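Heads up: the structure comes next, in structure tokens.
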Amino acid sequence: MVSCLTKVSSFLVPIVAVLICWLCAQLYQPSLRGKQPPSSPSDAAGLLPPDPAHTDLSVKLSYSTLHMFESAAICSDSEICSNIGRELLKRNGSAVDAAIGTLFCAGLTNMQSMGLGGGFVMNIYRRQEHRAYTLDAREVAAGRATEDMHLHDPSTTNEGPLSVAVPGELKGYWEAHQRFGTLPWADVLRPTQQLCRRGIPITKHMQDSLSFNAKALADAKIRDLFTDPATGRRKQQGDLVRPDTLCDTLDRIATEGGDSLYLGPLAEEFAADLRDMGSIITLDDLRSYSVIWNESIPIELNEDTMFVVPPPASGVLLAFIMNILKGYRFNPSDVASVDSTVRTLHRIVEAFKFAYGKRTEIGDPRFVDVRDLTANLTSAAYAETVRKRIEDERTRNEPVDYDGHFFTPNNDGTAHISVLAPSGDAVSVTSSVNFYFGAGLVGSRTGIMVNSGMDDFSSPGLLNYFGLPGSKANFIQPHKRALSSMSPTIVTDAEHNVKLIVGAAGGTKITTAVALTLVRALWFGYDIKQAIDAPRLHHQLVPMAVQYEYGNLDIFVKGLQAKGHQTTRYRERGSIICAIAQNSSGVYANADFRKGGDVAGF
């Protein structure tokens with residue numbers, strides 16, 4: 001009998017081990033290249049752990065650390081990069097210097113998510129002026145781009161040479177430094193140059209991105225970068241990556257300036273790289289690229305002021321959500337019981353749905369007239385009329401009930417950085433190459449990994465997974481910027497001191513994640529770690545379902561279902577927040593446990 005049990009046991013153990021590993025991969029797998037259909041209710045019910053059945057309403061805290069400082073903080077996806085930002089601030093660098101230095105570093109440590117081949121949106125708050133500025137350095141479509149260029153093969157939108165848009169990342173760093181930098185340009189780059197030569201340790205997130213994104217390794221230069229030449233095996237977490245060609249490019253940028261990738265010999269080499277890849281981007285496209293400066297839009301939230309970024313980023317959608325919810329006058333009592341929490345979550349979800357209905361109308365203001373739309377989405381009076389359409393007892397399940405008719409794409413490979421300087425200035429910046437590892441291509445002369453930014457556009461005649469047509473406001477045109485979910489945000493108090501610096505990575509979930517963090521930190525009485533740790537939910541109107549994280553209580557999910565909501569639990573990481581909060585007792589910062597990273601300060 002014992003012998004029989006031993007044999008059965010030895011047979012079952014490896015099977016159980018394999019099943020556990022597979023389940024963990026499903027639960028923690030990042031959302032990577034390509035659109036994935038939502039998890040079905042049967043998946044959630046049959047394979048995933050059940051939603052928590054208890055009624056303890058307190059936030060279950062993660063392993064991440066809530067850091068406290070006296071006057072300055074930097075939050076990024078990498079401890080190495082946050083430390084670089086801190087050292088630049090200690091040398092009397094500006095908030096923008098610290099942000100640029102951290103971004104340069106993150107382009108190495110998070111090369112799967114951002115870098116010189118991508119683009120960003122930066123929100124800059126100037127304490128002495130009581131004003132904020134937006135720098136749009138997003139990618140633009142090439143001069144030869146057409147709205148039907150992907151119809152012959154829709155897969156060309158998110159991989160390969162036709163997915164590449166003209167990058168704005170480095171031009172944006174240069175322009176920001178020229179206007180608001182105080183340290184010499186070369187000093188801002190030096191720490192990243194040194195890191196590049198030493199080698200970049202592979203993080204867990206980078207390894208996950210490689211594991212679930214085999215297509216990136218189809219490019220020989222990416223494959224060689226992550227292969228151990230001695231063994232021929234792929235490098236693992238903790239191993240060093242040394243992108244020597246990119247290091248050489250950084251050295252040239254340090255001496256030649258940030259314009260060098262757009263003008264001069266380095267631009268010619270980059271254009272040759274793009275041509276060899278098969279891209280339609282030309283040297284003229286690089287030479288004609290320009291960033292866009294705007295004033296950030298101030299939104300009054302009771303006694304606080306929230307500064308959001310204008311279109312084609314999604315700051316106005318965040319403003320719309322917050323203006324709708326402001327009218328409910330939320331306070332800690334709204335999440336103090338099961339019934340009140342279900343009602344509050346329902347109201348938040350309804351605000352999300354109305355916002356994503358309007359998302360389909362956003363486009364590049366140079367090509368689409370969005371003045372009336374922007375005025376409405378940032379108007380408290382307009383939000384009041386929409387709030388009156390929300391019924392506490394039920395939801396609706398047709399997109400037209402929320403003014404939605406079209407589809408707008410998702411994106412995934414993104415990183416966010418928040419900076420608070422001792423001067424009281426702040427930077428909130430979100431950067432991206434779109435999908436993980438961008439287009440999956442690296443230049444042989446420059447070592448630059450290029451974006452897949454063309455996938456952020458819509459195309460006529462192409463339906464999304466749910467059968468909806470693309471948004472006309474977001475169709476491709478030469479030199480146009482695509483709609484973006486980026487929502488880098490800064491909140492100040494009545495005395496014009498920075499109160500919150502918030503932003504996120506995570507495609508279409510960015511805006512809702514930032515909104516939830518703001519609501520929890522401003523109105524529910526959560527500290528910034530609790531606001532980030534708390535399980536999230538998301539609704540983007542299509543698919544018509546509340547998508548929620550594990551950790552939302554079963555009683556909450558059933559409460560939403562009772563109001564008519566369809567629900568589905570998502571398996572991927574979702575959005576990643578990096579935030580800084582400040583009050584009279586100090587500066588607090590937290591990096592989202594969902595991805596890792598860390599903060600630094602003093």
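Placed from the backbone N, Cα and C atoms, the Cβ positions cover glycine too.
According to TrEMBL, the feature active site, nucleophile maps to THR414. DSSP classifies THR414 (active site, nucleophile) as strand under the three-state reduction. Over all protein chains present, the Cβ of THR414 (active site, nucleophile) has 29 other Cβ atoms lying within 10 Å.
Around the Cβ of SER485 (L-glutamate binding site), a 10 Å sphere holds 30 further Cβ atoms from the protein chains shown. If you look up TrEMBL, you'll see ARG138, SER432, VAL433, ASN434, ASP456, SER484, SER485, GLY507 marked as L-glutamate binding site.
The annotation transmembrane segment is assigned in TrEMBL to 12-29.
For the L-glutamate site, whose binding residues are given in the record as ARG138, SER432, VAL433, ASN434, ASP456, SER484, SER485, GLY507, the maximum C-alpha distance rounds to 15 Å. Among the binding-site residues SER432, SER484, the residue whose Cβ has the fewest other Cβ atoms within 10 Å is SER484. Separation of the C-alpha atoms of ASN434 (L-glutamate binding site) and THR414 (active site, nucleophile): 6 Å, rounded to the nearest whole number. In this structure the C-alpha atoms belonging to GLY507 (L-glutamate binding site) and THR414 (active site, nucleophile) are separated by 8 Å.
Within 10 Å of the C-beta of ARG138 (L-glutamate binding site) there are 31 other C-beta atoms, taking all protein chains into account. Cα of SER484 (L-glutamate binding site) to Cα of THR414 (active site, nucleophile): a span of 11 Å.
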